[in-house]
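Undergrad: Next up is a structure, given as structure tokens.
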Amino acid sequence: MQSTTSVKLSPFDLMTALLNGKVSFDTSNTSDTNIPLAVFMENRELLMILTTSVAVLIGCVVVLVWRRSSSAAKKAAESPVIVVPKKVTEDEVDDGRKKVTVFFGTQTGTAEGFAKALVEEAKARYEKAVFKVIDLDDYAAEDDEYEEKLKKESLAFFFLATYGDGEPTDNAARFYKWFTEGEEKGEWLEKLQYAVFGLGNRQYEHFNKIAKVVDEKLVEQGAKRLVPVGMGDDDQCIEDDFTAWKELVWPELDQLLRDEDDTSVATPYTAAVAEYRVVFHDKPETYDQDQLTNGHAVHDAQHPCRSNVAVKKELHSPLSDRSCTHLEFDISNTGLSYETGDHVGVYVENLSEVVDEAEKLIGLPPHTYFSVHTDNEDGTPLGGASLPPPFPPCTLRKALASYADVLSSPKKSALLALAAHATDSTEADRLKFLASPAGKDEYAQWIVASHRSLLEVMEAFPSAKPPLGVFFASVAPRLQPRYYSISSSPKFAPNRIHVTCALVYEQTPSGRVHKGVCSTWMKNAVPMTESQDCSWAPIYVRTSNFRLPSDPKVPVIMIGPGTGLAPFRGFLQERLAQKEAGTELGTAILFFGCRNRKVDFIYEDELNNFVETGALSELVTAFSREGATKEYVQHKMTQKASDIWNLLSEGAYLYVCGDAKGMAKDVHRTLHTIVQEQGSLDSSKAELYVKNLQMAGRYLRDVW
């Protein structure tokens with residue numbers, strides 16, 4: 001019988017052999033070729049255990065790798081949860097100091113300027129208090145945040161301008177709507193003490209309406225009024241009104257912000273003259289005055305849209321001694337859109353002759369290239385009075401053309417800034433006198449009543465040559481956009497914004513011929529139809545509540561003499577588009593007035609076409625200089641009193657557009673008379689009827 005050699009391996013040896021890819025054993029004592037098989041057979045149980053273990057081990061490794069990669073992918077897809085300590089704002093820090101919040105709602109910057117001026121003086125008087133100035137538009141990101149934030153206020157001031165026909169300014173509109181509308185909140189502001197200063201014009205019907213309404217609502221909701229509402233009147237000297245109101249405020253703040261044992265007398269305060277830090281530069285080789293770009297998600301006053309002039313034409317006949325321009329802005333491919341009844345804000349430059357005069361008065365070369373800054377060289381804010389936002393680096397000529405309002409009458413603060421830089425002591429004293437309480441009457445007569453411009457005042461005081469930083473921060477206010485009622489409908493002209501603009505050209509009491517900045521630019525504009533190098537302007541659309549009824553079958557009554565026709569041209573274009581689409585329209589009457597049908601009857605052919613097509617039911621015209629007696633739209637309203645009353649009784653909407661100081665007041669009185677007589681009502685009930693029309697949004701006015 002053949003003998004075999006038994007080979008017994010340890011588990012360690014066998015695993016080593018398997019991992020190395022070979023089996024190591026001693027064959028020196030045998031030549032049997034079946035020894036490897038015998039070895040494996042001898043150790044088969046152990047081999048099976050090891051093989052299974054290796055397989056399980058590999059499987060575990062695979063699963064582990066897969067789970068790690070899956071977890072990593074999941075973490076990559078999910079935002080990591082990072083715990084960030086809550087940032088404690090200055091409002092939430094209770095350092096024992098009393099906090100005062102000063103809000104402003106402004107259209108031209110005056111309310112903001114007063115708010116900052118109050119804070120600057122208050123800081124000097126009450127060193128232990130903390131003051132902050134807040135744009136109402138920035139106070140809360142969402143409407144539901146207003147209540148939460150206001151509850152935390154204990155002392156607040158509101159500087160509120162009234163704009164247009166008793167409307168809030170753009171930056172205060174959202175807050176005003178939230179605060180004055182909606183459900184009653186009860187007396188939830190009992191911890192708040194406040195004061196309100198209004199900015200308006202007594203010539204307008206709704207003088208300081210916004211300030212009055214906010215004041216009433218604050219009291220209704222539990223707040224305590226510190227002083228009566230300040231009634232700033234821009235028709236006179238609004239700075240004097242502000243100064244007088246401040247004198248009522250200080251004693252109240254003394255009680256609230258001074259320690260009981262503080263018997264010191266406040267040091268007389270002299271407002272610092274605001275001044276930019278100015279840096280002069282070599283003009284860049286690629287300097288581009290056109291730094292305006294389109295494509296913003298929203299075009300507004302801070303982000304206007306560059307728009308070319310597509311069409312321009314004169315609307316008056318050659319017989320007219322006046323001028324009225326029809327202008328069309330091209331808004332195709334700009335992202336700008338509008339609705340019928342909206343307004344367009346237009347930024348234009350001062351006339352070249354005006355800029356030439358300003359350059360001479362300042363005494364620097366027109367191509368001086370500079371930048372203005374609101375901080376020091378080390379980045380710290382400039383002290384003293386608050387500064388308006390800076391404009392981009394540019395030449396002096398560009399700055400005077402685009403950013404300086406040099407044709408309006410200077411405010412008293414501007415006179416003081418000029419006085420501070422007058423080298424002639426007599427001139428300096430005279431400027432200080434005009435700005436003082438003692439010089440109030442002379443300021444009112446020599447500057448306000450005479451419509452004396454800033455340029456004229458600087459000409460009268462030639463030694464007053466302020467540096468650029470002072471001139472642009474304290475002397476010349478920022479040139480503001482001009483607003484126009486859009487005279488087209490997007491249903492008729494989706495890529496165009498039409499403007500109807502009367503030329504402003506008049507002699508002032510001082511003898512100066514005043515040329516309107518924007519109306520003159522429009523009259524001289526070069527349209528695309530005449531040149532590829534056409535005129536253009538930065539523009540933006542401001543939303544209006546001047547809208548046709550949502551139901552086209554509701555009757556409408558429109559009253560708009562002269563350029564007051566502008567929004568109604570848009571209304572009628574929209575009604576024509578609706579009619580052509582098969583929509584049933586309600587009755588529409590238009591009262592239009594001008595001097596003479598052969599001289600200034602603007603858009604006559606279009607209006608007749610609206611009547612022929614049924615977009616307009618009736619056109620009622622009044623010509624003030626054709627007959628022996630002058631006839632105006634309010635006279636025509638009286639003649640149509642029965643028709644007007646019947647339409648109002650059917651739910652008609654009544655619209656008025658035009659001059660607020662004259663025509664709109666006359667139309668309002670006539671409407672009151674019609675309601676009283678046709679409705680057989682006494683005066684108080686007629687007044688209530690008209691007021692209810694306004695509150696219901698059925699009596700709308702677009703006036704200036």
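One-based numbering along the chain as shown.
Placed from the backbone N, Cα and C atoms, the Cβ positions cover glycine too.
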Undergrad: According to Swiss-Prot, N-linked glycosylation site sits on which of ASN29, ASN350?
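TA: Among ASN29, ASN350, the one Swiss-Prot marks as N-linked glycosylation site is ASN29.
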Undergrad: Which of ASP282, ASP356, ASP533, ASP666 does Swiss-Prot put in the same NADP(+) site as ARG322, THR563, SER624, ARG625, LYS630, GLU631, TYR632, VAL633, GLN634?
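TA: Of ASP282, ASP356, ASP533, ASP666, ASP666 joins ARG322, THR563, SER624, ARG625, LYS630, GLU631, TYR632, VAL633, GLN634 in the NADP(+) site that Swiss-Prot records.
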Undergrad: Based on Swiss-Prot, name the residue from TRP188, TRP245, TRP250, TRP704 that is recorded for the same FAD site as ARG482, TYR483, TYR484, SER485, THR500, CYS501, ALA502, GLY516, VAL517, CYS518, SER519.
TA: TRP704
Undergrad: Of THR106, ALA161, GLY164, ASN201, TYR204, which is closest to THR500 (FAD binding site) if I measure between C-alpha atoms? They're all binding-site residues.
TA: GLY164
Undergrad: Under a criterion of Cβ-Cβ distance under 8 Å and sequence separation of at least 6, what residues of the same chain contact ARG482 (FAD binding site)?
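TA: Same-chain residues close to ARG482 (FAD binding site) (Cβ under 8 Å, separated by 6 or more) are GLY345, VAL346, VAL348, VAL517, CYS518, SER519.
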Undergrad: Just how spread out is the NADP(+) site if you go by the largest Cα to Cα distance in Å among ARG322, THR563, SER624, ARG625, LYS630, GLU631, TYR632, VAL633, GLN634, ASP666?
TA: 24
Undergrad: Would you mind checking how many other C-beta atoms are within 10 angstroms of the C-beta on LYS630 (NADP(+) binding site)?
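TA: For LYS630 (NADP(+) binding site), the count of other Cβ atoms within 10 Å is 12.
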Undergrad: Which secondary structure state does DSSP assign to TYR484 (FAD binding site), in the simple three-class scheme?
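TA: In the DSSP reduction, TYR484 (FAD binding site) maps to strand.
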Undergrad: Taking only the residues in the topological domain 'Lumenal' (1-45), give me the average pLDDT of this model.
TA: 46
